[in-house]
Amino acid sequence: MKFSSANKILFSGLVASANAYDLLKDYAGDLKIGVAANAMRFSNSNYVNAMKAFNMMVAENDCKLSGIQQQKGVYNFNGCDNHYNKAKELGMEFRGHCLIWHSYQPSWFQNADANTLKNAIVDHITKTLQHYEGKIKVWDVVNEAIDDNSNGNGWNMRRSFLYNKVPNFVDLAFQTARKVSPNTKLFYNDYNAEGVYAKAESIYNFVSDLKKRNIPIDGVGLQYHVGAKEQPSYNKINDLIGRYCKLGLEVHITELDVKLQGDQNGQSQAFSNALKACLANSCCKAFLVWGVGDNDSWLGANEQALLFNGSYQPKPVYNTLLNILKTSARPASSSAKTLPGNSKSKTLPGVNSKTLPGNKSKTLPGASKTLPGNKSKTLPGGNSNTLPGNKSKTLPGGNSKTLPGNKSRTLPGGNSKTLPGGKSRTLPGGNSKTLPGGKSKTLPGGNSKTLPGGKSKTLPGGNSKTLPGGSSKTLPGGKSKTLPGGNSKTLPGGSSKTLPGGKSKTLPGGSSKTLPGGKSKTLPGGNSKTLPGGNSKTLPGGSSKTLPGGKSKTLPGGNSKTLPGGSSKTLPGGKSKTLPGGNSKTLPGGNSKTLPGGKSKTLPGGNSKTLPGGSSKTLPGGKSKTLPGGSSKTLPGGKSKTLPGGNSKTLPGGNSKTLPGGSSKTLPGGKSKTLPGGSSKTLPGGKSKTLPGGNSKTLPGGKSKTLPGGNSKTLPGGKSKTLPGGNSKTLPGGKSKTLPGGNSKTLPGGSSKTLPGGKSKTLPGGNSKTLPGGKSKTLPGGNTKTLPGGACKPTTVTVTQKVTVTVTVESQPTQGGMNQGGGNCAAKWGQCGGNGFNGPTCCQNGSRCQFVNEWYSQCL
C-alpha cells in the first residue's frame, strides 16, 4: 500500500482504528539505515513488519564464529543463512558481523595453542568469506581489539587470548580476508569509538596506523552505545567522522542504542546528532540500530534504548529521525525524487536536483535549480541558475547565469556571466565577463575581462583574465597577445601589465611588469632578487638575496627569489633575463627584482629563496652554499652548508652542517650536525648530532643523539639517545634510551621520565615512570611504576609465524582485577565476565557488572 508515493505500515488491533507510519528507508537517500535482527523472532509478524522500516540487516550473533563453528572444523552456516535469506526476502542489504572477536567464543578456539589458533583464524575467515562470496558485501573483520584503558595517547591492545597468543592477529585477519575476497569491504568495529571517552582517539590512532602500514582496511564501525546523559556532542562526532573520511575510510554507525536515563530530550538529541553527523560526511554510508524493539535490546527493556517499543510500534524518537531524513538525506545514487506537481526530474548518481512546479529539469552530477517557465540542463559538476525566458546549458564544472534575452553556453569548468545584448562563450575552466557591445572569447582555464570596444583573445593556459592560464587587462587602444602558460596577467602563465608606449613580451609561466621605455624578456623559471653591486647566480627552484659584495650560489630545489620560478621587476635602464621556472612576476613562475645597474640571471626551477628547497641570506663577507631542501642563514664570518630539507642558522665563528629535514642552530664555538628531519640546538661547548625526524636540544657540556622521530632534551652532563617516535627528557646524570614506537616521552609508544641516576627503557605502547636509582621496563600497553632499587631482567620473546617477529623487552606487565572502581577494572561497556573469560571481573566507578548470557557479562 502506498500513501503519497511512500510506503506505510498499518497496525491493526482488536479495534477498527489503525496507526500508519512512514518508513525510514523510503527517505534515506543514499544512506543504508539498518537494524540488528534475531532469527528467533522472525515468526512474530509485528517484529518483521517493524524491520521493514530498514534497508539493511545485521545478525546479532549467528554470523559470529561461535554461531558458525561451535566445534573445531565443523562449519554450520544455517543460522547466518536464515538471517541473510530473511534480509533478501525483505529487500534488505546484509552486513556481516563479525569474523574475529575475543569474546563469545567456543572453548576449543579460546584454549587453542598459538599455532592452532593462528591456523584457525585463517581457516575460519577463508571458509566464511568463500561461503558468502558475492552475497555479503561488507564484513566486520575484527571486533573490539583496543583496550578500554587506552587514553588517546597512542593505543593499547586488549590483552585477550588472541593478542597473547597471536600478537599480529589483526594484521593476519585483514590480510587473509583481502586475499580470499578482494571485492569485500573490510571493517574494524569497536565500542567507545564515538568520542565520549579517550578510547575513541586511541581507536582512531590504531586505524590510522593500519592505513599507514598498508593493512587492507576499507572502513571503521563506530558501535555508538551511549546514554541520554553520556553522549558526544554533534561537533565531536562530526569532527571524528570527518577525520576518518580524510583517511580514505568508509564509516558505519553499527550498533546504535541510547539509554533513556529518564531524559527523552537527551535521548532524542543523541540519536539526532549521530544521524546528522553521518549525513554531513559523505564517507558515512550506513546507520544501524542494535535491535528492533526495546524488549530485544541487550541492555534490557527498562533502558528503552531503541526506536520501537515492546509492541513494535514506533516511538517519538523514530519520528525525529524520520523528519531528519525527509529534510536532510543525501540523494540516492540511482534514483530520483520528484516533488508534487507538474515537475519532471531525472537525476543521475550524486546529483542534486530541485524542480519547482511547471518546470523540467535534467541534471547530471551537479546541481540545478530552475524557476517556473524555464528549462535547465546541467551536465556533471555544473551549476545552473536561469531566470524566466532564458535558456542555459552548462557542461560539467561550469557555472552559468543568464539574464533575460541573453544566451549563454558554458563548457566544463568555465564561468560565464552575460549582460543584456552581450554574447559570451566560455570554454572549460575559463571565466568570461562581457559588457554591452564587447566581445569576449575565452579558451579553457583563462579569465577574460574586456572593456567596451576592446578585443581580447586568450589561448589555453593557467589562471588569466585574458587568456587561459594567463591574466590580461587591456586598456582601450592597447593590444595584448598572450601565449599559454602559468600565472600571468598578460600571457599564459605570466602576468603582464603594459602602459601606453611600453612593450612587454612574456613567455609561459613567468610574470613581467614593465614601465614605459623599459624592456623585459622573461623565460619560464624561478625567482630572483638582486641588490645593486651583488652577484647572484641561482639554479632552478632556489632563492637568493645578496647584499653588496656578497656572493650566493643556489642549487635546484625549493623557493627562490632569484632564479627561475621567480618574479622580475625592472626599472628603466635595468636589464633582467630569467630562464624558465615557477611563479614569477618577471619570468614565468619565478619572482625577480633587479635595481638599476644590477644583473640577474635565473635558471629554471621551483620556488626558493637561495637554492632549491633552501633559503639563503648572506651579509657582506659571508659565504653561503645551500643544497636543495635546506635553509641557511649566515652572518658575517660564519659558514653554513645545508643539505636538502635541513634548516641551519649559524652565528659568527660557529660551524653548522645540516642534513635534509634537520634544523640546527649553533652559537659561537659550538658544533652541530643534524641529519634529515631532526632539530638540534647547541650552546657553546656542546655537541649535538640528530638523525632524521628527531629533535634535540643540548645545553653546554651535554651530548645528545636523536634518531628519526624522537625528541630529546638533555641538561649539562646528561646523555640522551632517542629512537624514532619516542620522546625523552633526561635530567643531569641520567641516561635514557628509547626504542621506536608509539606516543611516548622516552621510547615510541611508551612514556618515560627519569630523574638523576635513574635508568629507563621502554618498548612501544608501554608507560613507565622511574624514580632515581630505579629501573623499569614496560611491554606495549602496560603500566608500571618502580621505586628506587627495583630492577627487571631482560626477556626475549620470539614468535614464529608466516613472518618471524622478535621482540626484546625488559619485563612483562601484569593485568588483573583490583578493588571495585580501580584503574585495572573494566571500563564502562567493557566485558567483565562469561564462560572462559580471564579478564577483570570488576567495573570502574559508575558502572556495574551485569550478566548478559553465559558467555558474556558487561559493565553497564
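Each residue, glycine too, has its Cβ placed from N, Cα and C.
The active site, proton donor annotation in Swiss-Prot covers Glu144 and rests on similarity to another entry. According to Swiss-Prot, the feature active site, nucleophile maps to Glu255. Marked as compositional bias 'Polar residues' by Swiss-Prot: 330-362, 371-418, 461-474, 485-498, 525-546, 557-570, 581-594, 605-618, 645-666, 741-754. The feature disulfide bond is assigned by Swiss-Prot to Cys278-Cys284, with similarity to another entry given as support. Summarising the annotation, Swiss-Prot assigns domain 'GH10' to 21-324. Residues or ranges marked as domain 'CBM1' in Swiss-Prot: 824-860. According to Swiss-Prot, the feature N-linked glycosylation site maps to Asn295, Asn309, Asn359, Asn374, Asn390, Asn406, Asn845, an assignment based on sequence analysis. Taken from Swiss-Prot, the feature repeat '3' applies to 415-422. The repeat '6' feature in Swiss-Prot is assigned to 447-454. Residues annotated as repeat '9' in Swiss-Prot: 471-478. The annotation repeat '19' is assigned in Swiss-Prot to 551-558. Per Swiss-Prot, the feature repeat '22' maps to 575-582. Sequence annotations record features per position, and here Swiss-Prot assigns repeat '26' to 607-614. The annotation repeat '30' is assigned in Swiss-Prot to 639-646. If you look up Swiss-Prot, you'll see 655-662 marked as repeat '32'. Annotation comment: Swiss-Prot describes 711-718 as repeat '39'. The repeat '41' annotation in Swiss-Prot covers 727-734. For 759-766, the entry in Swiss-Prot reads repeat '45'. Residues or ranges marked as repeat '47' in Swiss-Prot: 775-782.
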Residues that sit under 8 angstroms from Cys284 (disulfide bond) by C-beta distance, when 6+ apart in the chain: Leu31, Ile241, Cys245, Glu250, Val251, His252, Ile253, Ala277, Cys278
Reduced DSSP assignment, Asn309 (N-linked glycosylation site): coil
Per-region confidence, the repeat '39' (711-718) (mean pLDDT, whole number): 42
Asn309 (N-linked glycosylation site), number of other Cβ atoms within 10 Å: 16
Candidates Glu144, Asn295, Asn309 (recorded positions) - the one closest to Asn845 (N-linked glycosylation site) by CA: Glu144
Asn309 (N-linked glycosylation site) to Glu144 (active site, proton donor) - Cα separation in whole Å: 29
For Cys278 (disulfide bond): DSSP state (helix, strand, coil): helix
Residue among the active-site residues Glu144, Glu255 whose Cβ has the most other Cβ atoms within 10 Å: Glu144
Which of Cys278, Asn295, Asn845, all recorded positions, has a Cβ with the fewest other Cβ atoms inside 10 Å: Asn845
DSSP three-state assignment (helix, strand or coil) for Asn295 (N-linked glycosylation site): helix
Rounded Cα separation (Å) that holds between Glu255 (active site, nucleophile) and the residue listed as 'active site, proton donor': 13
Distance [Cα-Cα, Å, rounded] between Asn295 (N-linked glycosylation site) and the residue listed as 'active site, proton donor': 25
